[in-house]
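Here is the structure we will look at.
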Amino acid sequence: NSDLLTDNCFFARFMTLQHAINYGVSYKNRGKNMESITFVQKRNLTLFAFSMRMLFMGVEYAVIFPSVWLYLKMFHVDYWYLGLVLSAYNMVGIVSTILVGRLADATRRIRLTGFIWNLTEIAGNFVYAMHFNVTLPLFGRMIAGFGEGYISAMWGELARVTTKEQRTRYFTILKGSNLLGAAIGPALNLFLKEFNFYIGSWHIDFRTSPGFFMGVVWVIVTLIMLVFVYDLSSEMKARPGYKLLLQENSDEIEDGVGSLLSGSITPQENGKSDHGRKDETGNDVAEEAEQETEENDKKGLLEKTAEPTEPGMVEQSDEPATFCSAMKDMFTKFEVNVLVYLLFFMYITHTCLQGITPLVAERMLKWNETKVSIVYTVWGLEIIAVLIVVWLVSPKIADRVILLSAVICGSLASVSLIVLSYSTPESKLCYYSFLVTIFLGGVGISITVVVGRSLVSKHTRPENQGLVHAILTSFNRLAGLLGPIFGSSLYTHKTVMGCLIAGVQFLGLILVIVAFGRLKVVNKS
């Protein structure tokens, strides 16, 4: 009888482990040699594919934009047409991000959506490279800009499949990949300018090679995404009784929760998880776990919470994701409005500084094109370095503290810009104030664009993440269009420009201080 009891206990524990593997529960001492791919592995592969897409979006920006004017000159166009071609990508992208965000929230078919939108990137770049008519470069950038809208689906999916403690690091990887692509893109132009061959009557030379090259690259990226992207949020939605486990709390690490592997999925019932229940006798563990799972599947609902009673606690709802619900979710919360304000005006400041940097370098410092190129390269490397620091410190320091430091840097950059406007050309004050402005501005934008976006996702509903990030991306694209116009039009009035930028930056600092308490992320027990 004792042998039979031992065998039954062993069988029960074996069934419990098998149940855990099937439903994605990750235990500290779980065997490493699992035949089926785990949720964490799927998420890492998806992140890899998303990062590759962001990388080559940055590469496309860096290889297309510098060569546009050389390409268009063969059609003898005016300057206004250059501006139209350059802005077409972002303008269409604003519309596309909203559409993709809505589609991703409604269907959670991230892989299929990515495949369709990647096809427009492929078509757009090949059409851009066709030199048979002056309208083809414009139409090509418009089609490619439509494909750029998939970025909102990537941000939204990562927001849904990561815990609040992990999210900032994942967002940092995604944004860092984009900036890395923009940094290595100029080096590819040295390779592309050597292209000189024909495909029928289609001449691929230094003017059309960027579009042709990116078309080929997007074919490869599409294949990578088809293989490595998983519809993770769709899997989670199909198992409504499951939620992501936390590896660690933002404030403290506890043995009970910390012993679970990060990013796993565990069944939930009445606020308690299976890992919190211990069975010392070994009796009927598998049967009880199976019964709980069946009950959860029958309920088909996530554990509901009462209406949030404190800032930073996000309510879960069965309300379908719509544009109106996403707008309401964002703009009825003071702290989210503050974050949107910071993201918008920090991006305007950054693109404004990018726009006036060649003018300052040429007219005030008398630098040549080589030195200006070095400035942009170092600037990009600085932003990547700052993102690496954010990735390292985000598990240890609260997002709102990191964000506050970024806003302070942005405010100091605006003060340095005012000092620059009063400095004498070619003086040491002019030189150092220019470098300080660029450095502090780079710190401010690189932190805000990652941490600010991460905080927005933590203060809005998971069901709305696609549309939320679509709205944020649209604001960024709009700021990217307005920033250079603002900077170039006020360059001859640098003091006025500096004071206006300082005004919006210090207002943002005040708003962050006022909303600091509400920016704290509260996890539901």
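Residue 1 is the first one shown; counting continues down the chain.
Positions of Cβ are set from backbone N, Cα and C atoms, glycine also.
Curation plays no part in TrEMBL annotations; they are all automatic predictions.
Looking up the ranges 126-147, 434-455 in TrEMBL, the one annotated as transmembrane segment turns out to be 434-455. Of the recorded ranges 78-100, 373-394, 401-422, 495-516, the transmembrane segment (338-361) has the largest number of C-beta contacts under 8 angstroms with 495-516.
If you look at the transmembrane segment (373-394) against the transmembrane segment (434-455), you find at least three C-beta pairs under 8 angstroms, all six or more positions apart, and that counts as contact. Stretch with the largest number of CB pairs closer than 8 A to the transmembrane segment (401-422), among 78-100, 170-192, 434-455, 467-489: 434-455. The transmembrane segment (78-100) shares more Cβ pairs under 8 Å with 467-489 than with any other stretch in the list 170-192, 434-455, 467-489.
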